[in-house]
Amino acid sequence: VSIFIFHFSANILVRNSEMKGKRVISKREMSKADQCTFLSYQSVAYGTLGDVAGDVSSIEGADLVATPIAAGGHLAKGATDAAMIAMDCSSIPFDEIKQQLNQRFNEVDKKLQKGAEALENVTELAEKTYSSVEKMRVEMREGFNHVIATIENANTKQIITGINQIIQYFNDERENINNRQKEDYVAKLQEPASGNFLLYLRKSRTSEDGSLHSLLFKIINQELAIPNNAADNNAIRALFALFYGTQTFISIMFYLVKQYSYLADYHYQNGNLAEFNSNFDHMKTVFQDFKFTLIGINTSNSKPLVNTVLSIIEDVKNKRFIRNLRSNLYQKIIKSTKSLLDLREKITKMDLPIIEDTPKSSVLINFREKSSSVPRIETPILKWTPGTVVKYAIQYEQDGKYSKISKWSNPITVQRLANPYITIDKDRRNRLVFRQFGNEKPELISILDSSQNEFRDIHRDLYNAAQMPYKETALGICRKLIDSGAQVGASFEMGRKSIHASATAGNDDVARLLLAKNNGLLNVPDKNGYTPLHIASERKNNDFVKFLLEKGADVNVRTFANELTPLHLAARQDFTIIVKTLMEKRGIDVNAKERAGFTPLHLSITSNSRAARTLINETPAGINIKSNSGLTPLHLAVLQNNLSAAKVLVKSNKKVKLNEMDNNGMTPLHYASMLGNLEFVKYFTSEQGIDVNAKTKVKNWTPLHLAILFKKFDVAQSLLQVRNIDISTRADQAITPLHLAAATGNSQIVKTILNSGAVVDQETANGFTALHLAIMNPNTETPQFLIAKGANINAKTNDGSTPLHFAAALGKTNIFQLLMDKGANIKAENLINQMPIHEAVVNGHLAIVKMLIEQDSSLMNAKNMRDEYPFYLAAEKRYKDVFNYLESKGADVNEKNNDGNTLLHLFSINGEVEVVQFLIQNGADFRLRNKERKSFFDLAVEFGHAGIVGYAIEENKVDLQEPYRGKTILYHAICDSVKYDRIEVVRYFVETLNEDQCSPLQEAAAYAHLDLVKYFVQERGINPTAFNNDNQVSPLCIAIVGAPCGFVKSCDTPERLDVVEYLVDKTPDINKECDTQQSTPVSSAVYGNKVSILNYLIRNGADPNKKVRGDPPLFIAAMIGQYDIVKSLVEQHKIDVNTRNKEQFTPLHAAASNDHIDVVKYLIQKGADVNAKGDENLKPIDLAGEKSKAYLRSLGRRFFRNESPSKSFEIDKFNAIMPEVSMSGKVSHDSNFIQHISSGTRSKSNFNSAKNKMYAENSHVRSIDVNGALLLLDFMVRVFSNRKMNYAASISGIKSRSNSEAQAEALILTERFEHLLNALIADQSIDSLDFSNVHSRIYKAIINGNPNGISEMLCSYAKEYSELDPEKIEKLLQEFETLTFTKSSEIQINEKFSHALFETCGLNRPTNVLQIK
């Protein structure tokens, strides 16, 4: 791990606890871009840039002002790590901020005229939804990039690559379009069909191959996003891609709606009504189509995308193993799911704010006068000229919603008269009526409410005349139109009236005429709140302004959105004459604040600043007033580089506050230093009262810090000359100017600071000295200067890194050599025990590696905290030159660690296929096995790395048909892939190789892997009720009994119950026998001690009384001591405690004979008959073990009738059979479950002859009865005493052995024998031994009643290994101790038996047998 990854806490460590004896770590190297993300610029900027753009939008030159303000905000919130600065990551990204802000301002520039938009509400709805989705996408973008980089499954990778290509094109082309000016923007959106971006995006929802919709549904339909286990990272990555792709799909939807809405309004404002209608239709169609695809409409869509994705996420959340999942990607999905749910609900309820139906073009045009009192208007007047064609169209409007526009009416040719009467159909909605002369731009002529259906087409002509540039002509026409009935209060585009039109043109005489008709028009606002005084002030119509003020216009009136007064507008435009005129009005608020808190003085700080001088010198304007973000006019003067305005402010007699801070703690001097405005800095520092050491809020930056940080070195030098400058001042993280100068690589600033008395080794909060930081910067002069100045060459950061670490990591060969020459410690370790050699290797710097190894060859074996040594790291990074060099110095690619693992093993566990390939290509022996006798291929299978598995097979690095543990490597590989729930590997074997050995369905059922069970049943078509060939057992019974925990209660898990439920659903008859030994699901649950499964089976129709070879379930449970099963059967399922088997024995007989005292007591408590007689009139006490017999006797004679002397069928105790050897009999094993599952039940005679409770451990099936234990012990006795055990006593009570019992005991003994030989034999020759043959011979000996022949047979196999030295005997003893849980100190060996297995089996024996003690 590179020092930078460690230091920045950005390394990705995945520790795999499944690897025994070795912590396994997989990592991803960070790029510089990754490291730099610690600036958190994206997250900070997303929330602030929009705010900044909005805050300063009222300011002239807002784009210039916004960037440094945003940067100042970033300084207050962003990272301040000196190391990041040295890596050139913390230089505030001015260009990026400026670019993003310019995009914001471009969007403002492209905005259509407010109030003239028919689809304004649609645009706002789409923009709001689009922005919220984009914010979600930004938050998840890094995760998606990680998915692309790490996905392993070839099929999934191909799909996700296709999704990424669509997303990238969407992002890139969208940015390309957004950067264009309005007209070019529109042209790009309306390109011909072949290259039209919007049409391309619309195809995203089609089912054609390669579309975003089809790719997302490939993930869904192939169930690639559903993990099979907690380690199924590929599925989680696919789920993340599905989620991110769905977000993009929604984003595309609202982007399209927004763009078509924009185009519609663009054409609406430009009078191109046909194009408005066309884009209106596109917008509506896109919304409906995408909404249907996303959430369905009236449930007619069976698989709506969002619903399906949310359903998959819910299914994954309900996976029982999901609680064990450790995935940042999954956590991000879950965190964002709430947002997707909210979005689904919003889209479900969402309707476009439009009117669906289109008006009819029913227009009646009448030029005849209705009243003789209203004079006719003859042509020509305005556009009414003879021969001109005029036509009309209609649009509905209601509550801000608009319809399409009707077709044009039949055109009428103008002749002698103008201004006809228009009659249209009545409607409950308002109707907008448009008029078009010839091919000129259409214009709105009237808005009719629901009660109107007739009007005279004259009012728009008054509006048009009012804004004519010729005042006298305009006045004459307006008077004529008003006399003919034109309404002075009629509204048109943007809600403007004729008074607004006259203000635009400055026609005060027309305004006087209008106000004479309706004085209420004086302060009338348009839709945006602009009054005639606003318009006149902004248009510099001074006479009109004076006229309005004389008439009593409100001088402090504000616009609706930005709350601008007329004075704001005049000051912003630098219209000094208007400012002076407005200031003459009594009551004017010269310090009125607009929405962002800016006063007119703030807005007047422009390049010319004439209005600013007026406001400062001739008005009571406050010069220290702050905006909402804390900016004073002096701040704005600096931000706009307006020194003249600054001087006016400073020199005024109003006492400007030089050190006033904005909300981020930035003074004007901070901004001047950050921007590199040297003239400003010199001017400010020459003024009395300036605080050159002022610190920002939170981060404590001074102007000197900022000048150095932003690399404004001329400003920094100027500040360093100021008399009272503090050169050692500390910002956040204890960063001094010296640290920044070293980090930014300016040796001259470093020299100046040191020559001024700064301490060379002062440390940041993270322990960095200037030397550390200088080495990290590309400049090489600075570290040399610092070393010459006596900097500590062994100084350590808080994580223990020295300058040598950084020089090694960055490949600074000359600096590294200089440090070594000066005596730097080449063995210095940081907190993860990383030395410079590790840094050099992991970053591929061969020259430095050579320097270190030649200096000290012992560094070849230097290990860090994760036991990684140079050769390991060279292999991991695949640096061939470093790898070859280390090999030439003695590194061995096949060297084994304490667990017998080579590098090839370790990287197979990690799943790093490229490293595995690299190692094999460079001499790694792929045939080597570790101490668990596993090859790199075995480990790849076990840990689920299908890429390595495929590589090994396809490149012939493994012989699948090679004999291994009695089968083949392929057989065990398939078994293991199922056992460890590695779905990708399973798919590779089954689908790619078409191999299905090992009864995979039974194996999956045994290990309770539900998804694999479903895969084999549903996708591979395996019969879920068929018996397997090896053991003749159904999947259901195997699932019930279970592996790897076998017959212990802890294996009765919810996951296993899920599998049982699934298989029961596939099983026609739940009471049918499920193996060849007549076992039923119920009897299997009893034997397996699976209480919850037993209860489920009975609840679902299983017969709790169905006998197996004559034994009812309660009898079996009592016989083997399953207390919880007995209790459940009696209490929950009301089974008779005195039920009998076919020999008439009761459960109490069975429990007492095996001495299960807890069951005995419980049965008696529940009413069991202690005098019940079975075969040969035997009572429970006749068969009872010691404890049970004592308990039964203690109950008193009141319970017993005609008690006869007890007949004991007990086996002789071990110490009676073997006086010299006494040991415990618990034995363990580890093997494929299907190879040793015992599917039979105990025979009715077994309980008479043995105490056969089934023992088990958490991780493996551990079941063997006393007879089986004696067989194994006989072999051990022969090993140590050359005596044979006497089975007479034990065999005498055995009437028969069932096939399944004999098979189970033979399998277990075979496994024990394999373990014993593994403990003795270190080489691979044991792999050639056919243990299936061993099992077959043991099974025949047991089934034929010849257990004494087993030891001889085992000896015959052991003869192949004739040399057993004392050390091997000791190992054998230790292995036996492990397998049997018997302490070696408990084994008593009589010294007179001086010969052992070695003589009995014909082997060489050691000289001192007593070493086995």
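Heads up, the Cβ atoms here are built off N, Cα and C, so glycines get one too.
Annotated repeat 'ANK 1' per Swiss-Prot: 457-490, in sequence order, evidence recorded as sequence analysis. Model confidence over the repeat 'ANK 1' (457-490) is summarised by a mean pLDDT of 96.
What Swiss-Prot lists as repeat 'ANK 2' is 494-524, and the listing cites sequence analysis. For the repeat 'ANK 2' (494-524), the DSSP counts in helix, strand and coil order read 23 helix, 0 strand, 8 coil.
For the repeat 'ANK 6' (629-658), the list of distant contacts is 55, 59, 61, 64-65, 68-69, 596-599, 601-602, 605-607, 609, 612-613, 616-617, 622-623, 664, 666-669, 671-672, 675, 677, 679-680, 683-684, 687, 689-691: same-chain residues at least six beyond its ends, Cβ to Cβ under 8 Å. Under the heading repeat 'ANK 6', Swiss-Prot lists 629-658, citing sequence analysis as support.
Residues or ranges marked as repeat 'ANK 7' by Swiss-Prot: 664-694. Through the fold, the repeat 'ANK 7' (664-694) approaches residues 68, 71-73, 75-76, 630, 632, 634-635, 637-639, 641, 643, 646-647, 650, 658, 701-704, 706-707, 709-710, 712, 714-716, 718-719, 722, 724-726, 729 of its own chain, all at least 6 residues removed from its boundaries and within a Cβ separation under 8 Å.
The repeat 'ANK 9' annotation in Swiss-Prot covers 733-762. Break the repeat 'ANK 9' (733-762) down by DSSP state and the numbers are 18 helix, 0 strand, 12 coil.
Among the features that Swiss-Prot reports, repeat 'ANK 10' is placed at 766-795, with the record citing sequence analysis.
Residues or ranges marked as repeat 'ANK 11' in Swiss-Prot (evidence: sequence analysis): 799-828.
The repeat 'ANK 12' annotation in Swiss-Prot covers 832-861 and rests on sequence analysis.
What Swiss-Prot lists as repeat 'ANK 15' is 965-995, and the listing cites sequence analysis.
The repeat 'ANK 16' annotation in Swiss-Prot covers 996-1026. Long-range contacts of the repeat 'ANK 16' (996-1026) within the same chain, counting only residues at least 6 positions beyond its ends with a Cβ under 8 Å from a Cβ of the stretch, are 226, 228-229, 968, 970-972, 974-975, 978-979, 981, 983, 986-987, 989-990, 1033-1036, 1038-1039, 1041-1044, 1053, 1055-1056, 1058-1059, 1062-1063, 1066-1068, 1232-1234, 1237.
What Swiss-Prot lists as repeat 'ANK 17' is 1031-1072.
Feature annotation from Swiss-Prot assigns repeat 'ANK 19' to 1109-1139; the stated evidence is sequence analysis. Residue counts for the repeat 'ANK 19' (1109-1139) by DSSP state, with H, G and I taken as helix and E and B as strand, are 16 helix, 1 strand, 14 coil.
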Cβ contacts under 8 Å made by the repeat 'ANK 9' (733-762) with residues that lie 6+ beyond its boundaries: 80-83, 85-86, 91, 702, 704-705, 708-709, 711, 713, 716-717, 720, 727, 768-771, 773-774, 776-779, 781-782, 785-786, 789-792, 795
Residues of the repeat 'ANK 11' (799-828) by DSSP state, where helix covers H, G and I: 17 helix, 0 strand, 13 coil
Residues of the repeat 'ANK 12' (832-861) by DSSP state, where helix covers H, G and I: 22 helix, 0 strand, 8 coil
Per-state residue totals over the repeat 'ANK 17' (1031-1072) - DSSP helix, strand, coil: 22 helix, 1 strand, 19 coil
